[in-house]
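K.L.:
Just lifted these from Swiss-Prot, have a look:
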DOMAIN    23-294  domain 'PPM-type phosphatase'
BINDING   57, 237, 285  Mn(2+) 2 binding site
BINDING   57, 58  Mn(2+) 1 binding site
REGION    151-170  region 'Disordered'
């Protein structure tokens, strides 16, 4: 059996919310894939004026993405740097904490329960694109190839960059750790170079966690939100295969002008991005999109 269904699953699950500062919609759709491996967080007011959104795109299974969805908020809020308002450092440390939890027996037990198996080591992983809004400051921590961008004065302002094995910096780390890059893939397998999980690439005790073949180290980008920022859009890589950021921005703008309904906007966007068939391979992935509209 190949990776695709004979017909796409186009049913969508959407959650919405709003407060005095923004409203949001988070939508996911399985699409052509045999399984749904995405997970996400949409959590307003984890504290007064602090909000958390995240996209986790799983590979090799859904269990690591689901684990991150379950635990990221709690681990972030327990972090001492978070409590001291050192948010950049707190986000980075939480990525590594989740990765460490995955390696512990209790973490493996939970992964096995998610998968419905016993006594196996999970080889799955996931991207993590995490947005923390604190007042008027936006922090985005990213590991992998899920993305976030702002609509800033009608133009996309990227809040993350993809981590790919053939990028010079990534390739050097992979090779220093004893790995190799072939056909744009780490060890000829993974098409991204940073992720949560993927524990088989993180076993060498000679190297720090950030030095392993696959690293959980996120890039963290920070910006101050102003009146020129209309919305934040986050998504797994399946959202960005068909259209570029400007095309997505224009489509969302047009939908919001006509309906002011975020759920309609995100659901129609995924319909537009879904491939008609699987012949080209693009537009065939699971899709998760979070739209945060600032008031």
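If you go along the chain as it appears here, the first residue is 1 and each next one adds 1.
Note that Cβ sites are derived from N, Cα and C of the backbone, with glycine treated the same way.
In terms of burial and nearby residues, how do these features look in this structure?
P.N.:
Listed in sequence order, the residues of the same chain lying 6 or more apart from residue 285 (Mn(2+) 2 binding site) and placing their CB within less than 8 Å of its CB are 31, 32, 33, 236, 237, 238, 241. Following the DSSP three-state reduction, the secondary structure of residue 285 (Mn(2+) 2 binding site) is coil.
Taking a C-beta cut-off of under 8 Å and a sequence gap of six or more, residue 57 (Mn(2+) 2 binding site) has these contacts in its own chain: 37, 38, 65, 126, 127, 144, 145, 146, 236, 237, 238, 286, 288. In this structure, residue 57 (Mn(2+) 2 binding site) is part of a beta strand by DSSP.
When Cβ-Cβ distances below 8 Å are used as the criterion, the region 'Disordered' (151-170) is approached by residues 129, 131, 138, 140, 142-145, 181, 184-186, 190-194, 219, 221, 223, 228-233, 237, 245-246, 248-249, 252-253 of the same chain, each at least six residues removed from its ends.
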K.L.:
Around the Mn(2+) 2 site recorded as 57, 237, 285, what other same-chain residues have a C-beta within 8 angstroms of the site's C-beta center?
P.N.:
38, 127, 145, 146, 236, 238, 239, 241, 286, 287
K.L.:
Far apart in sequence but close in space: which same-chain residues, 6 or more away, have a Cβ under 8 Å from residue 58 (Mn(2+) 1 binding site)?
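P.N.:
For residue 58 (Mn(2+) 1 binding site), the qualifying residues are 37, 38, 39, 64, 65, 66, 124, 125, 126.
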K.L.:
According to DSSP, does residue 237 (Mn(2+) 2 binding site) fall in a helix, a strand, or coil?
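P.N.:
The three-state answer is helix.
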